[in-house]
Amino acid sequence: MAAPIKVVVTGAAGQIAYSLLYQIASGAVFGPEQPVYLHLLDIAPMMGVLEGVVMELADCALPLLTGVLPTANPEEAFKDVAAAFLVGAMPRREGMERKDLLSANVRIFKEQGQALDKVARKDVKVLVVGNPANTNALICSKYAPSIPKENFTAMTRLDQNRAQSQLAAKIGVPVQDVKNVIIWGNHSSTQFPDASNALVKINGAEKPVPAAINDDEYLKTTFVSTVQKRGAAVIAARKMSSALSAAKAASDHMRDWFLGTGDRWVSMGVVSDGSYGTPRDVVFSFPVTVSNGKWKIVEGLTISDFARQMLDNTGKELAEEKQDALDVCKD
């Protein structure tokens with residue numbers, strides 16, 4: 001057995017964490033041979049609820065879970081962690097716009113960046129789930145200058161999973177037979193779900209998704225808007241934001257980052273180097289491949305006029321969010 005790694009989950013008494021903690025502790029994220037020591041961070045008023053979660057984790061009798069530390073102190077929570085799931089944030093409620101979330105949450109991620117900088121491992125892999133995820137990841141990285149920028153990522157895997165399942169249902173194949181669908185840009189309603197490079201396995205042979213669907217209009221309209229608005233649709237139905245699917249996506253993202261992607265592309269919000277004409281130094285979702293714990297942006301894709309417009313639109317929103325966030329940090 002490998003030595004245990006320390007893994008922190010913030011917002012640990014919340015809805016997403018309730019599904020996520022089991023996945024981490026059961027081996028679904030870091031593999032069946034990797035023991036984990038869980039650090040659970042939440043705010044002081046949630047400590048009673050967190051105590052119940054700790055009891056439940058004990059009651060799961062999970063062989064890979066070597067210990068649990070519940071705490072309301074960020075420096076205690078982030079000490080020596082190899083992986084950080086930053087889930088805790090003020091949630092978006094019905095009728096709320098992302099801008100309303102921005103000012104409350106930027107302050108949380110500034111503080112967490114400072115704590116990570118001080119006490120986490122320098123090779124920590126940080127996944128930001130709490131919204132607005134892309135900009136929160138950027139701010140977190142800014143306040144953790146001793147940790148490489150590429151170690152901070154934002155979750156767009158939920159959007160990718162949503163897009164993949166929409167396409168699979170449309171074509172009538174199992175979801176695992178669709179691959180390389182891309183989410184570009186912001187985890188917001190400006191994101192661009194792009195099926196133009198996606199592949200589908202039909203009767204054992206791979207073919208391009210656009211050819212299999214053979215409906216360009218659908219791929220530019222219904223498909224895009226269904227994926228963009230899926231989060232709001234879940235809130236309208238459940239009266240709470242996506243939790244089960246968000247937890248699964250966070251597991252997928254971190255598993256691929258640690259264990260690699262093979263020949264699949266996955267979407268991750270990463271610090272932009274300006275690839276594909278995107279604004280630099282914002283956290284932008286690109287198609288990436290991962291090996292040996294390092295992600296790399298997929299190069300050389302053709303960007304259609306439609307795609308160009310979509311990328312510019314989401315890039316503009318991210319540049320504006322970044323400026324708003326930096327202004328909040330000055331306060």
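The backbone N, Cα and C atoms fix where each Cβ goes, glycine too.
Fair warning: this is a prediction, and the values are worked out from it, not measured in the lab.
Annotated domain 'Lactate/malate dehydrogenase N-terminal' per TrEMBL: 5-152, in sequence order. Break the domain 'Lactate/malate dehydrogenase N-terminal' (5-152) down by DSSP state and the numbers are 68 helix, 28 strand, 52 coil.
If you draw a 10 Å sphere around the CB of N105 (NAD(+) binding site), it holds 26 other CB atoms from the protein chains shown. Look at TrEMBL and you will find D42, N105, V129, G130, N131 tagged as NAD(+) binding site.
Marked as substrate binding site by TrEMBL: R92, R98, N131, R162.
Here TrEMBL flags 156-326 as domain 'Lactate/malate dehydrogenase C-terminal'.
Residues or ranges marked as active site, proton acceptor in TrEMBL: H187. Counting only same-chain residues six or more apart in sequence, the Cβ atoms lying under 8 angstroms from the Cβ of H187 (active site, proton acceptor) belong to N131, P132, A133, N134, A154, M155, T156, L158, D159, G269, S285.
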Rounded mean pLDDT for the residues that make up the domain 'Lactate/malate dehydrogenase N-terminal' (5-152): 95
